[in-house]
Amino acid sequence: MTLLESLHGPADLKRMGQGQLEQLAGEIRDFLIDRVRRSGGHLGPNLGVVELTLALHRVFDSPRDAIVFDVGHQSYVHKIVTGRREGFDLLRQPGGVAGYPIRAESEHDFVENSHASTALSYVDGLSKAFELSGDGRHAVAVVGDGALTGGMCWEALNNIAAEPGRPVVIVVNDNGRSYSPTIGGFAEHLASLRLQPGYERMLDGGKELLLHTPVVGRPIYAALHAAKAGIKDALSPQMMFSDLGLKYLGPVDGHDLVALEKALQAAKAFGGPVVVHAVTEKGHGYPPAVNHEADQMHQTDPIDPETGLPKPKGRSWTSVFADELAKIGGERRDVVAITAAMLRSTGLEKFAERFPDRWYDVGIAEQHAVTSAAGLAMGGMHPVVAVYSTFLNRAFDQLLMDVALHRQPVTLVLDRAGITGPDGPSHHGMWDLSLLGMVPGIRVAAPRDAETLREELREAVAVSDGPTALRFSKGSVADSVPAVERAGVVDVLRKPSDGADVLLVAVGAFAKLGLEAAERLADQGVGVTVVDPRWVVPAPRDLVALAKAHRLVVTVEDSGRHGGFGTALAALLRDAEVDVPLRDLAVPQQFHEHGSREEVLARVGLTAQDVARRVTEWAANLVADPQPEPAE
Ligand SMILES: Cc1ncc(C[n+]2csc(CCOP(=O)(O)OP(=O)(O)O)c2C)c(N)n1
Ligand SMILES: CC(=O)[C@@H](O)[C@H](O)COP(=O)(O)O
Ligand SMILES: [Mg+2]
């Protein structure tokens, strides 16, 4: 039996000797590589925290002590240590362990939200609760150097530093990268600390020397020890943490189990807020990850054992956007691009390569990204801010009050809109249409294929009197879906020659799903007109006339139902006093567990078969008359 097989919980870990721990770390690395190559996932980040996680669970007593992982994508080792090794056979799949902490999975898991920069706020709150309950529990945050570029971290630090008696342990997992190298002044500060390896060791060495120097050694040591704090600050680089009043321990080699345990024990005993600065390497122990030129396998798809590379996928929505924006950049010098630490994965890399002085990486700081964009727009630029749909939530007030209130020409490109899949409930892009529908003056497009993405992106960056947004799904771009005719700004995708009772309005990537449903319904004798509104906020008025010419309107969208497109179109028809019944099919307003995109869509009833079945039910209830008004 391997040590990994004998590991059923943190207690087993605490009984292991140094040699066993080193062996266990190797077995865990082999296990991670094997499982993640098969299922996909965050291989790089988790290989980087093997020793750190083992040390954390040996020094602290989870779940009595709360260990909170920021983002949570680096919690695989934590899951292995807390008895969930078997669940990795179906990592990020239904029935297997999630790729992030899940409270229902284990009492050792505290935070499920994968949005970055929250861990310090959680441990601030937890430590206050532990202090009030007086049971001496520790609140420990594991926060990456990337997450530390998020504003919430500094809001939390401002509070944590104000309470010198509150035992908060902040473990900075510093591997120098988010996806790509972490940017900004703070990242440079951390780097300067990394470059002062073990000035603690230097101080300890001086102490040993003096204590062994006869006669004069001890008095000199005593004098220096009394002045240690001043000496240390003089020797150590200017440190933000200590200037904030936080005890700083480090930098510590994040792959040295002994050093890590020593630092964490000191932090645990300190009795106040303390930062342990662990220097780690993303992908550590696996050269294909360490040397991975783009992002050190921050997130890898399943790897083909034949080629040793991720399995090829179709052309992505992101790549279509990337190419078109780069072309636009050559035509429009005012167009600039902003990323929140996700240059490649949001498709801005090509633009950045072609226009090196017209793009900005602001760190994991979506709020700052949007308001900075408002500033760029006020200065005469047209910023394109590319973020994943779910992360726009973070910057809603900035969009509403810093961009839209000032009618600034900022374009948001929302990748991963709709159900994403393996990254679970906090990653599905199901909130953007509900949020954007509240923003006065914004115009939002939902392209259905590559051609409409190109067209609607150009239309968006041509708008100069207010914000615009585009939303498209994760993964491979939909096959081209041609229009058979236009009705104003609306594309008609299917129009039965013998008329139709049902108007099916399919939003964005769901155009193809709408057409497939219409074919199923035609086989059952139900006539369906399928249209793509293209611009979905505000709902286009051309849909009013189309609705009047049918007996039932059905909308289908890859977005949350509450405040979605269906809700908006129902309001438009109501205001136009059109009393054709409308039924809206959308993502149920709940948190949806991980699975593949297809599995989750099937789970929530958004397949062509589901749509056809629901429309059949609704069409069957249509009264015999009145006949629809003739098309205008
Ligand atoms: C608000 C928000 N924006 C973007 C992301 C996407 N994201 C996931 S992990 C990551 C990088 C995190 O870097 P770091 O905190 O240094 O952790 P590491 O991967 O290096 O362990 C990013 C940008 C996110 N999870 N949350
Ligand atoms: C943890 C995180 O926010 C991302 O790394 C997430 O896994 C999205 O990955 P995709 O880029 O594959 O959608
Ligand atoms: Mg990092």
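Cβ atoms here come from the backbone N, Cα and C positions, even for glycine.
Features as listed in TrEMBL:
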BINDING   H73, S114, H115, A116, G146, A147, N175, Y286, E366  thiamine diphosphate binding site
BINDING   D145, N175  Mg(2+) binding site
DOMAIN    315-479  domain 'Transketolase-like pyrimidine-binding'
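Sequence features, as recorded in TrEMBL, placed on the structure.
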residue: H73; record: thiamine diphosphate binding site; DSSP class: coil
residue: H115; record: thiamine diphosphate binding site; DSSP class: coil
residue: D145; record: Mg(2+) binding site; DSSP class: coil
residue: N175; record: thiamine diphosphate binding site; DSSP class: coil
residue: E366; record: thiamine diphosphate binding site; DSSP class: helix
**Asked** Near D145 (Mg(2+) binding site), which residues of its chain come within a Cβ-Cβ distance under 8 Å, counting only those 6 or more away in sequence?
**Response** V172, N173, D174, N175, G176, R177, S178, T182, A187, L190
**pLDDT averaged over every residue in the domain 'Transketolase-like pyrimidine-binding' (315-479)** = 98
**Item:** Recorded thiamine diphosphate site residues H73, S114, H115, A116, G146, A147, N175, Y286, E366, farthest C-alpha pair in Å
**Value:** 32
**Message:** Given H73, H115, G146 as the binding-site residues, which ones have a Cβ positioned under 6 Å from some atom of ligand 3?
**Reply:** G146
**Asked** Which binding-site residues out of H73, H115, D145, G146, N175, E366 lie by ligand 2, going by a Cβ under 6 Å?
**Response** H73
**Request:** Compile a sequence-ordered list of residues in the same chain as H115 (thiamine diphosphate binding site), six or more apart from it, whose Cβ lies below 8 A from its Cβ; state 'none' when nothing qualifies.
**Result:** V71, T390, F391, N393, R394, S426
**Request:** Tell me, if you would, which residue among H73, G146, N175 (binding-site residues) has the fewest other CB atoms within 10 Å in the structure shown?
**Result:** H73
